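Record features, source Swiss-Prot:
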ACT_SITE  271  active site, proton acceptor
BINDING   109, 111, 112, 132, 144, 145, 195, 202, 281  ATP binding site
BINDING   272, 281  Mg(2+) binding site
């Protein structure tokens, strides 16, 4: 179904949109059966209103931008449909399990997220739409099923910012707010963010059926993921081993991209890892400002398990958890009659796949860092040069984003042009020593300074979602002023462009930003 993009027809789009979202034939995950989910309506959200809307995601879903101005839009995406949901079209919450902070947590599930259906994308793919903050579900445990305005704005902005940085991610169509109070560390207001992704299947979905000794359901889930998202795995000698490899390699690529832009996820539990290798579950995330390899963005992470430098190791560990969950399926095609022999071979095969994570991650990060340094040619010492820069930045707490962006101003032959980036370092002599090494390396390049600068500015964003920028937008939104949410979203659509009229958004964080804390409370 294609929706009209004209403003005049936007009102007529809403009923068709609601019907299409609920079409049972299109909701592939639901067809897996009741063991995978629970269907239930969203909890009504009183007097909802639109806080933020992504034209880009609307275009992806072939929705007219004017649809957000229609009165029924906020109702629909608050989980307050204007018609009764028929039983076959009821939203659903899925069940999964997982490891949280390295400890087995048992059954978890969508405690405040409800998938309301899927829509065809203009890119030929199909996308599920999920309401985060839609109310209590059977998996809410002690939670109230709500999300707050603060965290919903952060997820909305960062989902779209990451996409425009070129990093695989779930998307966000809209944020719907309300004046309904919810209790967190203080009284806040409820909101709903509409997540958009090809799939919300996590490592934890596989762990759930493995831990419950349901190889039949585990296989059903794996077949669903393979057939819909990894069809090439079906032709492999062992489709389930191929699935593990594909997910492992995508995860390695993803985390390399995180590291390259200074992104910290904050809560890399196995239930927060996408089987598609995309960034999912934006909670206590953060972009590193003053660089610290041990930076912890999540105030709740007292052990530093998910610190910046730990992210590759944790991602690899999470892939081991996925491998364990898939072991009952690996090797089934080999026809080994003896269960112990099959299990032993499955372990060996899985370990061989998992060994590919560092083999994939290392070169991926090296390529990213080479691009950030403007090095078109590959040389043996490039990784050491990049690591030396990070060490120098760490020692001086130099700003991550500004340092890499300003490196483009360095000249092969003129050290006097170093000042903009040099001024970011406390230890100027240490920077000078590194800059001399860098200039020597640049002398091996064939591009001139101007061409290199253009390439570097395509690899090093000028604008990222710093915590203080999000905080300003959140504070204004609490006063019903959503202009800063819109302005920030527009700036972050073009993170690599100069945008001189928005120079203040690329500046060093103000002193008060140092007191900001984000945690798992959302």
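Just so you know, glycine gets a Cβ as well, placed from its N, Cα and C.
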Are there any residues at least 6 positions away along the chain from residue 271 (active site, proton acceptor) with a Cβ closer than 8 Å to its Cβ? List them or say none. 96, 97, 98, 99, 100, 105, 108, 202, 203, 204, 207
Per DSSP, residue 195 (ATP binding site) is which: helix, strand or coil? strand
Fewest other Cβ atoms within 10 Å: which of the binding-site residues 112, 195 wins that one? Let me know. 112
How many Å lie between the Cα of residue 112 (ATP binding site) and the Cα of residue 272 (Mg(2+) binding site)? 14
Could you list the residues of the same chain, at least six apart in sequence, whose Cβ is under 8 A from the Cβ of residue 281 (ATP binding site)? 267, 272
Just jot down the residues in the same chain as residue 109 (ATP binding site), at least 6 apart in sequence, with C-beta under 8 A of its C-beta; none if empty. 93, 94, 95, 96, 137, 138, 139
Do you know which of the binding-site residues 144, 272 has the most other C-beta atoms within 10 angstroms of its C-beta? 272
